[in-house]
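Colleague: Relevant sequence annotations retrieved from Swiss-Prot are reproduced here:
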- 43-53: motif ''HIGH' region' (MOTIF)
- 634-638: motif ''KMSKS' region' (MOTIF)
- LYS637: ATP binding site (BINDING)
Amino acid sequence: MTNERYNARESEPRWQRQWDDNAIFATQNDDPRPKYYVLEMFPYPSGRIHMGHVRNYTMGDVVARTMRARGYNVLHPMGWDAFGMPAENAAMANKVHPKSWTYANIATMKAQLKSMGLSLDWSREFATCDPSYYKHQQRMFIDFLAAGLVERKQSKVNWDPVDNTVLANEQVIDGRGWRSGALVEQRELTQWFFKISKYSEDLLTALDRLDRWPDKVRIMQRNWIGRSEGLLLRFALDTSTTPNHETEVEVFTTRPDTLFGAKFVALSPDHPLAAEAAKSNPALAAFIEECRKTGTAQAEIDTAEKQGFDTGIRAVHPFDPSWQLPVYVANFVLMDYGTGAIFGCPAHDQRDLDFVNKYGLGNLPVVCPEGQDPATFVVTDIAYDGDGRLINSNNGFIALDGMSIADAKEAVAKRLEAIALGNRPVAQRQVNFRLRDWGISRQRYWGCPIPIIHCEVCGVVPVPIKDLPVKLPDDIEFDRPGNPLDRHPTWKHVACPQCGGKARRETDTMDTFVDSSWYFSRFTDPWNEDAPTTRAVVDRMMPVDQYIGGVEHAILHLLYSRFFTRAMQATGHVGFDEPFRGMFTQGMVVHETYRKLDGTFASPAEIRIVADGDNRLASLLDSGQPVEIGPIEKMSKSKRNTVDPDDIIGSYGADTARWFMLSDSPPDRDVIWSEDGVKGASRFVQRVWRLVSAMAPQLPAPGTRLDAANHPAAQALRVAAHRTLSEILAGIDRLRFNTAVAKLYVYVGELEAVLANAPQGGLGGDPVLAAAAREAIDILVLLIAPMMPHLAEECWAAIGHSGLVSEARWPEIETALLVSDSITLPVQVNGKKRGEVTVARDAQNPQIEAAVLALDAVKQALDGKPVRKIIIVPQRIVNVVG
């Protein structure tokens, strides 16, 4: 051995070639060992990986390598989420075909991922734009259609005027398209929908089973599904005020207890009664048209200014036939939630209060907080939505004053269920969900074609299974926005599979979130040409044991995947309903920003930073021009605060980048990119190499074990090794990689101390200590292998092992070594903790008392007062009473 510096540039490619040549990460589906499936969300092939990818895939790789070392048959695949608008945008901007652009990017990014040393089974690789993949997606669409899980219907949709496509509600962020940033409009189109709402209750209740998911993700899904219990309430209408003598309007409410506070009824702009009234009211028609210029997403509607139009129609209050409420058309009422109509109780709903304050309708509080005087309780600008007792809620029909909200709801429900309007009860109990069906139609080329043919005679006809896949044509033009498939001269013209007559293909393609809603199941057997899955294999390998990705996908991707898995189960493609047993959401990689004098951003590579006392000053490298150091933000191309992984790997090596990503902060929090932190990680790589290099010549052969029970130094080393092994396993099992890293820093220091204190002439002069050191250094290399695999391979070879550390099994923890002969007890004085005392585990009470009273903290707390008694709870706590 030599003490030369570790050369990552030479070492890392060499070990990567060995892994590839031996296909050691290829998973065998018939392996009898217990399986473990770890998966990071697969990337969109945008062109290059970024530091967020490095962090995400490093975390997954640590889990995969650790579980493999523990004896599991690990599935750790990789593929590409390859359809989507960016490819079409690139085609328009650069005159390149989306397919060429996509596959070129895949080649680049695959090489980058390989340079990270990830333990991926590349034999299972696919891109969602491969016809061999989307063939099966088309097959499942047809199966879902036959099972009643797909529907084609007219619908108001979110239209992105820049991307010229439809967006799901979840893809509208603050009123703008999630990719283009354009203000979204409403349009009425015929669309294909997956009937996710059919599973609303199941998707909600099953969240309780997902105990290895973050609470915040489950809460987000619960809120999005939005279960609410209430009343379907029928308001009679004054027929003298309705356009065609309509007699009633139905309202869904979760707060029937507040009916005495009602001030108006509001209709969605798309409500049939609103449409009928608009026929004879041009001003109302214009208002409705204005409402349609905003998107259909709930979040956008909630934040928009509340606007309404008094239709002149009057509704009759169900508690009093002489009490009439004005009927408005309002921009905040959604047609596809409930009935498309609401009653407004402004005192107890902020949206309604904003509305009545704008239109001068007034408000009447009907719930009073406990402890407030009902006679003086008023609401002005802030609605009261808390608990309390009913007030102002008595008449000859019903008396609610003094009731709790729950009791009042029940009383109203029973009273209105017992009376009729026409031949039906005025009210009936109903459960509603916020979740709406998933519109999957997209008016673009680069997506999975929907396998449908439209025939004037036969109607909607699925493409025969034998004719799948319906492939995208290559000869398309991107000379203007819109869907090139609509303009293609031949592709869409086909014969009807049923009657043979002239027909046309469906030119909409599927939302790209469909592609990512089942890829994890396809990874289990991507070689099956006849079916999306091989049941025996997918049911054995799924669900994914550990899924890793960003919290931004909590609703979009994760909820869609849960639905899609249920749909696959219903059509016989899988035998389970939940795709991900464990879910982990990692934090982002962030970096400070740098703004030049002209207001534009500079990249970190263009900046020099120097310390000036307590301040840091930044300037441009080329001109020396001062630069403002801005806030720390998510790495993004627009802020130019990105760091190229290739530069870091080229300068320091992949292991340094991996170690930094794992060590700097808890994995669920953002990590601040720091050049100093990277340099520190690089120093640790060299530190480990120096330790191994120095110790290797002094070690006995691999496998040497000698009894260390009567050798204090050797026994202490074995205790440290197995304690660290236990701590690292616990850290990785909890995905607390930063704590595992911290334990390794401590352990390396302990091994360095052993080397420094070795007998003169080295460890070889003490065979028992040398044997313990052999075991300890083996464990060190095994423990760093999931995190710094290239360095670990180099060290494994250096200490005399013939195989690859990536194929080595971790040793079993000797639990007897983890039992300490001492115990640390908290010490209280008069019930308040003052310190701790460490005593022998078998110490008797007099020994414990003496040790406690000798503590300076106890003496200070007693302040000369006599000790009345000492209470010792064995193995738990000591309390001194003074």
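Heads up, the Cβ atoms here are built off N, Cα and C, so glycines get one too.
For each listed feature, how buried is it and what is near it?
Modeller: Here the motif ''HIGH' region' (43-53) has a mean pLDDT of 91 out of 100.
With a cut-off of 8 Å between CB atoms and residues at least 6 apart in sequence, the same chain places nothing near LYS637 (ATP binding site).
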Colleague: Going along the chain, which residues at least six beyond the ends of the motif ''HIGH' region' (43-53) come within the CB cut-off of under 8 Å?
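Modeller: Residues 80-82, 84, 86, 102, 105-106, 108-109, 112-113, 127, 550, 588-589, 635, 642-646, 661, 673.
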Colleague: Counting by DSSP secondary structure, give me helix, strand and coil numbers for the motif ''HIGH' region' (43-53).
Modeller: 3 helix, 0 strand, 8 coil
